[in-house]
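Worksheet: the structure to be examined is printed underneath.
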Amino acid sequence: MNKVFNEFVYKISQDQIEKIEEYFFENNIKNYYFYETKEGTFLVLVFEEKQEKIFLPFNLEFVENRTTTSEDWVKNLITKPFEFIEGVYVDPDHNNVDGEIVIRITPGLAFGTGLHDTTKLSAKFLKKYLRPGMDVLDLGCGSAILSILAKKLGADRVLGVDNDPLAVEAAKENVERNNVDVEIRQSDLFSNVDGKFDLIVSNIIAEILIEALKDLPKFLKKDGVVILSGIIDSKLPLFKNYNIVEHWRSNEWNALVIKI
């Protein structure tokens with residue numbers, strides 16, 4: 001179905017991109033992308049329905065409000081395969097990609113054009129800690145890129161959940177494109193989760209991670225592994241009382257492996 005979207009376009013400078021992405025991540029704003037032309041760099045916010053221009057705490061030059069279709073929108077996103085982490089490639093189409101693992105993802109409104117540092121950190125930890133046959137929960141799965149990666153790394157049961165219906169829709173489409181046995185559900189944290197898991201990965205904002213940790217032990221098998229990402233430097237002290245096994249950092253973002 002070729003949906004019609006409402007877009008707000010802003011002209012920005014290159015040095016604003018990181019701060020904008022940081023603000024959007026912390027405020028759970030997923031419906032955006034960036035693009036460049038000879039006229040400069042632009043930020044586009046995308047909405048499914050008619051929307052008033054939203055406030056952004058940046059000095060941005062508003063360019064226009066326009067409508068576009070889902071087919072045209074996808075053309076503005078990732079068009080070429082790229083190496084996501086070592087040995088793992090993301091391919092928006094059926095290209096002949098030479099890699100250990102290839103994930104075919106059509107970016108949707110569940111995330112922006114680039115894959116965030118937090119996603120890459122999560123993926124690197126998944127590759128390090130996941131063993132074939134593990135049961136994996138992806139809490140806040142977004143596009144399901146981590147769920148799909150877990151399955152391709154040899155996981156047994158993989159469940160991806162997200163509270164955003166747009167993310168769930170995009171995740172299901174991506175699972176189908178990759179022809180993997182991954183279950184996707186809509187869920188507010190653990191509200192629609194059953195069973196126990198050897199590994200739980202969650203790439204969401206720090207405050208929600210702290211909230212999730214209250215119930216997480218009920219869903220973790222003995223000696224299970226927990227991967228937490230989406231933690232900006234200023235929020236890292238929130239996790240000081242947890243048993244941190246490993247800590248990786250990229251730019252201002254942190255990912256932790258903890259044992260409970």
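Placement of Cβ uses the backbone N, Cα and C atoms for every residue, glycine included.
Noted in Swiss-Prot for the protein shown:
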{"type": "BINDING", "residues": "Thr119, Gly140, Asp162, Asn203", "note": "S-adenosyl-L-methionine binding site"}
- Taking the binding-site residues one at a time (Thr119, Asn203), which has its Cβ surrounded by the most other Cβ atoms within 10 Å? Asn203
- Thr119, Gly140, Asp162, Asn203 bind S-adenosyl-L-methionine per the record; greatest CA separation between any two, in Å, is 15
- Counting only residues outside Thr119, Gly140, Asp162, Asn203 in the same chain, those with C-beta within 8 angstroms of the S-adenosyl-L-methionine site's C-beta centroid are Ser122, Asp138, Leu139, Cys141, Gly142, Leu146, Ser202, Ile204, Gly230
